[in-house]
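What follows is one structure encoded as structure tokens, with my remarks underneath.
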């Protein structure tokens, strides 16, 4: 960062300049994913005395920045001008917009409560393991978590970005967040009517209603709720009748200020075989990507799970699991459960060697999928260097750094020894590989942008 102090007594353009420097610092420090989630749409408004006023696009983003990042932003402003004593973050509503408040369902809809079609209890469909308290938050899922929390805590008002659309790969926490919303509402506002179900079950209930001539009851059931959560919406792709019913249900709920939460394995724009009008509406609200887990997040998930289970696991075993089981949270927790169960049944201590033996089939599966050659090709392509540079000894930073990253990924994603990895990189010895891995690990401690880049490469390689 520049150490030049920029006077705020100059023309207004200087105020904007300071914010542009602060925004760049936020991008450099937190990385592209988090920056785009929270700061990219924040604008400088004005400076009043020693206070800088910023404008956030929504109350939700304003409140989250205030609670999590206000002090950091103030310190960055003060770095450029120490006359600044405080910051204020506001929102400016568009003309004609109002806060939507949910009214109680009409008596007509409430009267169907005893219908067989409507007899299921929301609590019976929720998993007791999936609450906000045991959801581990990290950079890859922070936006999704904050939005889900805001929906749950809305206390009768609709979350300002409706619907909330969560998307990401299998086992990354989307379903966990939807269950957590359901639990929170039932515990803190039990009079609100909530339905959570998979898109597949939604379709089957619709088909059953058609067969039993209970379509009116079906419509009333889903259109009278306060919160409707549909998991894995991609299931209705190519199913025209179900799409038609979902479309009208969606419109009715949104028009009546009811909350919708949708999950999917891809973004709305990437959905195929689904009507454009549905695709458009799914993107109306907040679209939150649940990214692949980082090493730090996997470590946090393991430590949280171990604490819940009240077991003792050696640190080297935890680090091994966090570095080797990178596909998704579900597989990570499954591997941990398998290691603990094996120890309980055999009365053998949990050691790194035992863990490697217990999980050898899973690790071999990963080995079959990813090779050192795969890593070299992907990294070379990503950094726009020649594949031959992976085998060379060129020390130019634009070549050496990608080569170090490729060595780090080879150690992380394959079971190859340092010596074997060295052979794949132009017959380099194991100390060269060790140095490269150590260098990347040191950079990852503070370089969030590099961390996200490596996580992206892992995601590409695993898919």
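Using the three backbone atoms N, Cα and C, a Cβ is placed for every residue, glycine included.
Applying an 8 A CB threshold to same-chain residues 6+ apart, the list for residue 171 (ATP binding site) reads 327, 328, 329, 330, 331. The ATP binding site annotation in Swiss-Prot covers 171, 173, 174, 175 and rests on sequence analysis.
The region 'Domain I, interacts with DnaA modulators' annotation in Swiss-Prot covers 1-84 and is backed by sequence analysis.
Annotated region 'Domain II' per Swiss-Prot: 84-124, in sequence order.
Per Swiss-Prot, region 'Domain III, AAA+ region' is recorded for 125-343.
Annotated region 'Domain IV, binds dsDNA' per Swiss-Prot: 344-463, in sequence order, evidence recorded as sequence analysis.
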Q. How many other Cβ atoms are found within 10 Å of the Cβ atom of residue 173 (ATP binding site), counting all protein chains shown?
A. 28
Q. Beyond 171, 173, 174, 175, what residues of that chain have CB atoms within 8 A of the centre of the ATP site's CB atoms?
A. 168, 170, 172, 176, 177, 263, 290, 328, 329, 330
Q) DSSP says what for the region 'Domain I, interacts with DnaA modulators' (1-84): how many helix, strand, coil residues? A) 47 helix, 12 strand, 25 coil
